[in-house]
Amino acid sequence: MKFEDRGMYTCTAENLLGRVELSVNITVRVPAKFISEPKRSVTAYKTWDMTLKCDIFGFPSPVITWTRSRDQLPINRNVIDGNQLTIKNTKKEDGGAYVCRGANPMRNVMAVLWIVVKDVVNPYIVSSPPSEIQVQNVGDKVRLKCSAGGSPLPRVTWFKDGRKVDSTAERDGNNLIKTEFVIDRFQPDDAGLYKCSFYNEKNATTEATVKLILVNCGDPGSVSNGHKRGSRYWTGESVSFTCDPQYHLVGPNKRTCLPSGNWSEIQPECRRICPPLKNPKYGLIYGGEFWEGKQVSFTCRSGFGLIGPLERRCLMNGSWTGSQPECNAVSALWKASTIIAGNLYYYSNLHQFLKPAAGSHPQWLLCYRASTHGWSVSTFHNRCDGKPNTVTIVKAGQYVLEDTLTFHGSQVVGTPALQMLSYFLFAMKKD
């Protein structure tokens, strides 16, 4: 029979004539015994209260007594409460053997508890993470480890931004408490301030903090006359760029945050688009990028000279510099010149220079050529003076000296330099 079998039992009998009952109360007597074996050795700490406990059970309930081997219990500092003995303000001399006895009419039991009194050592950190850790990528595994010592060995709790989080802890062979907090796959909301806090029963504490940061490249900024898409700026994330209508994106359309904390490539720009240009008749246009800052160039087919700018540049207001050039057939006059006919650049620039004087009838006749009429200044004046709209051109070596051009019969001063055969001189008049 077990102790749990105690209680009132009732026997009932009945037939056609009636019913009878008989009740009996059963008491189960249990010899005194330890529910759990008390610790053979207990560590106590100076100035702290020490509590010893003997879990003894029996029926009738055992009488529990506490004594001290070869000495008396601390005077005025011991409190007995049933199966517990508390020693107040423990001192070094309180160490030794304490005896716990339990007795009822059926049995007596006894246990000896050996008390060792130690000095208190408040918790202290042995190892901890750095104050700041930069996590390179979303999904990385992060381990935070702390260890501490103390007497008694402290307990530990981890916190994230002041909120308690689960962790593991164990005691190692060096009488230290080691703890680890693990994040299997780091996410942006895992960033924050983490703290491992060690404490003892008297609330003496020590703690170490570490700030977890997901590498962040910061806002790369938007683009003028365009838009940026994306608002996540940590490692591996990307932002994209688009331009408003009539603007062209120059640079990458996407930038990615790198583990270094920098954005990939350069910041793009949105540049104004200029209207498309066509090939001049009998010529070609080079360059197919029609946006701000870009330029195109023009050439003519053989036998045609370019009238107008050789190049045009797209401006920030969406317009082109200059006007659309034309390719005109080179006249017989210029074909007769070994200097001009073979060089369309000369032809184009000469045509542009003569344009103000030519008016609506750009036809010119030769009135003087040094190689034909001689280098005499008087010959030049005799052939060209007094004739309206006269233009004089001097070529020295590879240069055409446009600053020597004169209009309406202005005098050309004869100098020794003009006598040099390396110079080319001719004059024309408006027909």
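Glycine too: its Cβ is placed from the backbone N, Cα and C atoms.
Noted in TrEMBL for the protein shown:
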type     : residues      : note
DOMAIN   : 31-111        : domain 'Ig-like'
DOMAIN   : 123-211       : domain 'Ig-like'
DOMAIN   : 215-272       : domain 'Sushi'
DISULFID : Cys243-Cys270 : disulfide bond
DOMAIN   : 273-329       : domain 'Sushi'
DISULFID : Cys300-Cys327 : disulfide bond
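Structure coloured by features recorded in TrEMBL.
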{"residue": "Cys243", "record": "disulfide bond", "CB count, 10 Å": "22"}
{"residue": "Cys270", "record": "disulfide bond", "CB count, 10 Å": "23"}
{"residue": "Cys300", "record": "disulfide bond", "CB count, 10 Å": "23"}
{"residue": "Cys327", "record": "disulfide bond", "CB count, 10 Å": "23"}
C-alpha spacing of Cys327 (disulfide bond) relative to Cys243 (disulfide bond), in angstrom: 36
Residue counts (helix, strand, coil, in that order) that DSSP gives for the domain 'Ig-like' (31-111): 3 helix, 46 strand, 32 coil
Integer average pLDDT (0 to 100) for the domain 'Ig-like' (123-211): 93
Cys327 (disulfide bond) to Cys270 (disulfide bond) - Cα separation in whole Å: 34
Rounded distance in angstrom between the Cα atoms of Cys270 (disulfide bond) and Cys300 (disulfide bond): 33
For the domain 'Sushi' (273-329), residues assigned helix / strand / coil by DSSP: 0 helix, 25 strand, 32 coil
